[in-house]
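Participant: Found this in TrEMBL, in case it helps:
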TRANSMEM  A:12-30  transmembrane segment
TRANSMEM  A:42-59  transmembrane segment
TRANSMEM  A:71-95  transmembrane segment
TRANSMEM  A:107-133  transmembrane segment
TRANSMEM  A:161-186  transmembrane segment
TRANSMEM  A:217-235  transmembrane segment
TRANSMEM  A:247-264  transmembrane segment
TRANSMEM  A:271-290  transmembrane segment
TRANSMEM  A:296-315  transmembrane segment
Amino acid sequence: MLTLVRRYGTLVGFAAILVTFWVLLPDTFMTARNWLNISQQMSMLIVVASGMTLVMVMGDFDLSVGSMASLAGIVVAILFTLGYPVWLAVSLALLVGLLGGAVNGLLIAYVGILPFVATLATLTIFSGAAFVVSGGKTISGRVIPEEFGSFARGGLPLGEWGGIAVSIPNLTLLAIAIAALVWVLLEQTTFGRRLYAIGGNIEAAHLSGVPVRKLKLAAFALTGGSAALAGIMYASRVASANPTQGSGLMLTAIAAVFLGSTLSEHGEPRLLYTVLGVLILGVLDNGLTQLSVDSYVRQILVGGIIVLAVSASSLTRKLRQ
Amino acid sequence: MNTYRGAVRALLAGSLLVATGFAAGGALAQSKVAVITPYLAQPGTQFYVEAFQAAAKDEDWDVNVIDTAGDVAAVISRIEDMVTQNVDAIVINVDPTQVTAGLQAAADAGIPVIGMDAGSDPLLVTNVTSNGYAMAAETATYVADRIDGQGDVVMFIFEAFPPVQVRSVIADAVFGNFPDINVIDRVTPDVSDGGIADSRAKMEAVLAANPEPGSIKAVWAAWDQPALGALQAIEAAGREGEGIVITGIDANPQARDAIAEGGNFEATVAQDFTGIGTTAADVVARVIAGEEIKQGVIYVPTKLITAANVDEE
């Protein structure tokens with residue numbers, strides 16, 4: 001019974017939030033258009049949180065994802081100013097993400113620095129690099145190719161819905177693709193099972209022949225890559241790049257993974273639950289904004305709900321023991 | 001344990017309902033207006049928003065001020081949410097080219113978006129801001145009058161940034177209209193460190209090249225930082241007694257302090273942030289009333305700040 005309570009408490013809370021918004025916003029909340037908006041607004045966070053899940057499965061985390069997102073946005077924009085085509089600029093920015101993530105992996109798995117310290121250091125380094133490369137300025141205007149900015153505004157047409165053309169935003173499709181990819185990696189491959197083994201007991205995993213270091217390196221590289229992709233998506237959405245624009249992603253991504261992990265059997269992160277965690281945060285932002293709740297009160301409410309969900313989950317677990 | 005969980009849930013739902021109940025109450029038939037900015041923490045923005053809210057109170061609007069704390073993509077998200085809410089008007093204070101996706105969503109839904117010192121954009125009804133040309137005219141004529149229309153003048157300019165470039169165009173025109181004013185240098189400082197330090201270095205070089213006391217009559221700067229740098233250079237060279245007149249634009253706190261001290265830095269121009277907020281509210285009222293706004297930009301008068309009025313605000 002307690003397991004049920006613990007596992008489904010967050011879900012029930014989420015349902016309560018949905019019902020509350022539905023009742024208070026009868027015409028505008030539970031509509032296809034609003035949900036497509038939410039999915040688009042949350043797309044970047046889904047990508048970062050999916051990558052974050054990969055390392056949090058091993059009991060690690062990556063504080064540098066926000067500044068990596070900023071750096072990747074700046075890299076792509078700077079390459080545009082140098083006349084690079086969109087595909088090449090995006091590829092190179094993704095490469096920067098993978099390499100930056102690999103540096104995190106090297107520091108943690110091979111040098112033996114704690115993830116907190118290592119990624120705190122690279123957070124500062126990536127952020128500094130973004131400022132150096134951009135000269136501290138926002139890169140916007142005509143140097144950003146029209147096709148790059150219009151990608152985030154475009155989507156896959158679904159047809160008419162109540163007289164309004166509805167389409168699935170490109171950013172949403174991209175986020176679904178990345179989440180699906182990470183889900184397959186974690187749930188359907190040896191790679192994923194081994195990451196969970198490391199998270200369960202790193203010594204046992206090592207003794208049973210799991211190449212712990214290589215896997216950590218690979219997981220952190222993928223996390224860096226996903227952060228870079230989110231940064232590129234952000235740059236496309238605002239058709240510009242600023243050296244600090246990704247900084248809000250890190251804490252919310254970690255919050256989403258924690259929120260999601262309250263749903264899993266032993267409190268371990270699972271990709272689908274991470275996506276649900278992101279959705280909870282996104283729905284809160286959307287619904288509270290629509291209800292004209294003060295932006296600062298909104299922040300406090302969101303933080304409070306995270307505390308409630310996670311403490312409810314951990315307290316019920318304690319009670320069971 | 002069930003009781004415990006129930007309490008948790010009740011608390012969660014309760015806090016939501018209380019917070020939202022307040023906000024949703026009394027919204028009948030009121031016009032709904034959203035003000036969205038990533039920059040509410042900045043002093044200028046606070047002035048606009050407070051003035052806007054005061055004017056909105058008189059109009060009895062339901063105003064929702066949304067601060068995305070520096071996150072520009074979130075401005076797009078919040079514009080989308082407000083479009084979903086079908087508000088009567090949206091006011092933004094952010095570079096419109098960065099939030100095109102949101103402006104497009106508002107345009108598709110027929111919701112007017114008004115810029116409050118935002119920049120011009122075809123997707124905005126209009127943008128309410130200060131007139132850069134007029135601000136430059138204030139300080140350039142101040143300089144010309146103070147030096148009796150004659151002498152050598154140093155200009156600090158920055159042509160790469162359009163809002164600052166328009167200022168130097170006007171200063172050039174004013175000085176060009178005085179046959180005895182000679183612009184001996186048009187300096188573009190390196191602004192990557194904020195502009196003061198490099199302006200000081202550049203001004204030191206100009207002073208070294210013009211060692212005769214009285215050889216430089218004035219320094220006209222397109223914004224306050226180079227004016228402050230020039231002031232430091234003149235003081236460091238011990239030439240503050242030559243009566244070199246310095247002017248800036250923007251009236252930042254450092255510039256106000258320098259003017260209040262009564263030294264070489266004599267004048268700057270303050271934007272009327274309160275006026276921008278009030279005018280934006282006026283435009284919103286006209287748009288809600290169905291009026292079509294013809295001007296793409298609406299200028300709010302600025303104010304010359306000198307030792308005579310620096311302490312007024």
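Cβ from N, Cα, C; glycine included.
Unlike curated entries, TrEMBL annotations are predicted automatically.
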Participant: The transmembrane segment (A:161-186) and the transmembrane segment (A:271-290): do they have three or more Cβ pairs under 8 Å, with pairs 6 or more apart in sequence?
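Facilitator: By the criterion, they touch.
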Participant: I need to check the long-range neighbours of the transmembrane segment (A:71-95): which residues 6 or more away from its ends have a CB within less than 8 Å of a CB in the stretch?
Facilitator: 126-127, 129-130, 133-134, 139, 143-145, 147-148, 225, 227-232, 234-235, 240-243, 245-246
Participant: Check the transmembrane segment (A:296-315) against each of A:42-59, A:107-133, A:217-235, A:247-264 and return whichever range has the most CB pairs under 8 Å.
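Facilitator: It is A:247-264 that shares the most Cβ pairs under 8 Å with the transmembrane segment (A:296-315).
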Participant: For the transmembrane segment (A:247-264) against the transmembrane segment (A:161-186), do we get 3 or more Cβ-Cβ pairs below 8 Å once near-sequence pairs (under 6 apart) are dropped?
Facilitator: no
Participant: Cβ under 8 Å to the transmembrane segment (A:107-133), counting only same-chain residues 6 or more beyond its ends: which ones?
Facilitator: 55, 60-64, 66-68, 70-71, 73-75, 78, 100, 212-214, 216-217, 220, 243-244, 247, 250
